[in-house]
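Peer 1: For reference, the structure I am asking about is given below.
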Amino acid sequence: MTEPDTERKGSSRRGFLAGLGAAALTGAGIGMAAGEVLRPLLPDSDPAASPEAEQRLRMAAQRADATAAPQPGISGPAPAFVHVIALDLAEEARKNPDTARDSAAAALRSWTELAARLHEESPHDIAEGAASAGLLPASLMVTVGIGGSLLSAIDAEDRRPDALADLPEFSTDDLHPRWCGGDFMLQVGAEDPMVLTAAVEELVAAAADATAVRWSLRGFRRTAAAARDPDATPRNLMGQIDGTANPAQDHPLFDRTITARPADNPAHAWMDGGSYLVVRRIRMLLTEWRKLDVAARERVIGRRLDTGAPLGSRNETDPVVLSARDEEGEPLIPENAHVRLASPENNLGARMFRRGYSYDQGWRDDGVRDAGLLFMAWQGDPATGFIPVQRSLADQGDALNRYIRHEGSALFAVPAAREGRYLGQDLIEG
């Protein structure tokens, strides 16, 4: 490449950043602006041949849908990075139900207002010197949840929906209290880790007088920029395609799966139209998993490792045929395969929408790798979603249990956003 060409490309990039920054401030037309000006920078610059490339660019350049129901961060394309933070009311605030209620209202009001600003602006527009300065919106999204323990603190147990009952103990649990529970939950996602970090810092600081962090975990998945097909189901750290069985977001089953039904009890109506999030910290025993050959791994899961297809099938999205047998009459999908025991057919139709991430904390002091799955499952009621599926996996001998450890667990109610009201206001002030 000649020197004049290099200069022109550098100039073009600077011009693009300036122009796209202006488009980001206006909000409108950002997707078009990103696609048009970034095409010359792509390895394959033929726009007709690379619609996937344009989609990659949009994830970095666009803003999240602030009107997504019940809150942003549940539907739509999943960003590459997420930070889940569980918080408790400060000790001083828990002295009595009145102070707890006032502090909860202050925290939820602050997060609602700040989340709205973050969806419209950027962290560096809100706080001078933020780490995200100079970066695009990166699909930043914020979700706010409420734990059952908060209702106890504000003396509102009578307003606790059955769906927010404590999760039962499962026979395979190896839970650590420091990674469980929480009065509140913040899920913050973005396509760029610096944008994510800057937003998390502002959100935690906004309620620092009323709350304290209980636990947090950062997760990641493949970026849109690196994906050959941004719509493809991502893989986890075990190399599995993970999330194939999710209901399609454009299918009526999706809303039926994630949305809380209208309550029979008016005291529980604050969660009408909301959703329930189960979070599990699942450490993978990757050293043991690596000892298995590909065929053994596929028998554990019940799917092909390369394509994600159910054993005996050809395509990832082919239905799981539990009755299929080989020439010798043996089940093509083993009786203890993960996909068999987790299937709706094996669990009275139980379904959830999984939107999980990988996590990697490096190596512990004892030399053990601390990496695995930040499991997140959305449903209208855990009793017809996560609970029966997890009970089946735990009690019926899921072959995957040998290679994973459930070390953290929490359940949060995620109320629907309502015009002119802060998140959870119907609970706190209702």
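Placed from the backbone N, Cα and C atoms, the Cβ positions cover glycine too.
Model, not experiment: these values are computed from the prediction.
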Peer 1: Can you say which of 42-75, 144-177, 280-313 is given as region 'Disordered' in Swiss-Prot?
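Peer 2: Feature region 'Disordered' in Swiss-Prot: residues 42-75.
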Peer 1: Cα-Cα, whole number of Å: H338 (heme binding site) versus D242 (active site, proton acceptor)?
Peer 2: 12
Peer 1: Work out, from DSSP, the number of helix, strand and coil residues along the compositional bias 'Low complexity' (60-69).
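Peer 2: Helix (H, G, I), strand (E, B), coil: 2 helix, 0 strand, 8 coil.
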